[in-house]
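Going by TrEMBL, these are the annotated features:
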DOMAIN    2-180  domain 'Formamidopyrimidine-DNA glycosylase catalytic'
REGION    53-119  region 'Disordered'
COMPBIAS  54-63  compositional bias 'Basic and acidic residues'
COMPBIAS  75-85  compositional bias 'Basic and acidic residues'
COMPBIAS  86-109  compositional bias 'Polar residues'
DOMAIN    280-316  domain 'FPG-type'
Amino acid sequence: MPEGPSVRKFHHLTSPFVGQQVVKTGGSSKKLNPASFQSLWLQDTQVHGKKLFLRFDPDEETKSPSNNPLPEPLGKGERKKEAGDQKQTLGPDSQKISDQTSQSDSGDNGSECLGGDSPAGGAERWLQVSFGLFGSIWVNEFSRAKKANKRGDWRDPIPRLVLHFGGGGFLAFYNCQMSWSSSPVVQPTSDILSEKFHRGQALEALGQEQPVCYTLLDQRCFSGLGNIIKNEALYRAGIHPLSLGSLLSPRQLEILVDHVVEFSTDWLQDKFQGRQNHTQIYQKEQCPAGHQVRKAAFGPPGGFQRLTWWCPQCQPRLPPDEPEQVQLP
């Protein structure tokens with residue numbers, strides 16, 4: 001899924017629409033009724049780690065919750081009608097909506113809703129957006145197919161939600177999970193791109209007696225940090241992904257946190273300036289020093305295993321006497 005720098009860029013793209021009213025809607029959403037966003041006002045946007053939060057209100061001026069209902073899930077009898085009414089706003093190749101939205105290889109394969117799929121009594125005004133592996137937001141244009149899907153079809157991705165605004169522009173959301181909440185769930189001290197990121201808490205978490213690659217992906221400690229940042233920070237710090245944090249010196253842990261923040265910040269700046277992010281170890285066959293790179297899937301027992309790239313020469317393991325895991329082909 002998109003990492004912190006990408007979601008920060010999405011936040012930057014949505015911010016100009018704050019203060020505008022939704023005048024037309026579309027999308028393939030089955031949990032949230034796209035048409036019920038009609039006439040709502042986008043009042044605020046916030047970002048935390050890998051999640052984007054959008055506040056909608058029924059009035060132009062932000063007021064306390066009223067009787068005006070916010071978007072509700074589609075009823076079974078309404079979905080067929082909505083699919084037909086929204087063809088013109090779904091984007092390219094929007095025919096046969098029910099057929100295409102079931103295809104995970106169409107480019108929009110995220111599940112729909114994280115938790116509550118409708119606001120309670122108009123009180124839950126924040127739309128929480130979490131992005132899937134290929135999740136994205138497009139502004140004033142639709143995503144196009146870059147290659148044929150598994151069936152050999154060149155079908156453009158179908159947006160989950162499309163919001164047209166009174167100012168003339170529109171936002172298209174792809175491959176994302178959406179749910180309503182009463183307020184953004186944010187903890188700036190754990191957000192690696194926040195000015196309030198707490199280095200002391202990060203260092204304490206990394207010092208645990210477990211592989212540092214597990215801790216780095218823990219969003220409670222390093223919100224916004226994903227697999228690319230994990231691999232790059234570990235390589236640049238010269239730390240093996242399976243090294244136990246409790247065996248690393250305070251200086252090594254400091255250097256690791258430095259590289260987490262530095263790489264993330266540089267990546268964000270690259271996105272704002274339209275430059276491609278340059279990695280040194282992620283998905284590479286050789287490291288910058290010319291050594292052979294190894295690849296394996298690492299993760300906590302019973303947890304999610306993530307592909308990891310490392311250089312055995314540049315990143316010696318601590319403790320060194322344990323055998324390496326089998327390399328993946």
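Every residue, even glycine, has its Cβ placed from backbone N, Cα and C.
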When pLDDT is averaged across the domain 'FPG-type' (280-316), the result is 96
Summed over the domain 'FPG-type' (280-316), the DSSP helix, strand and coil counts are 0 helix, 12 strand, 25 coil
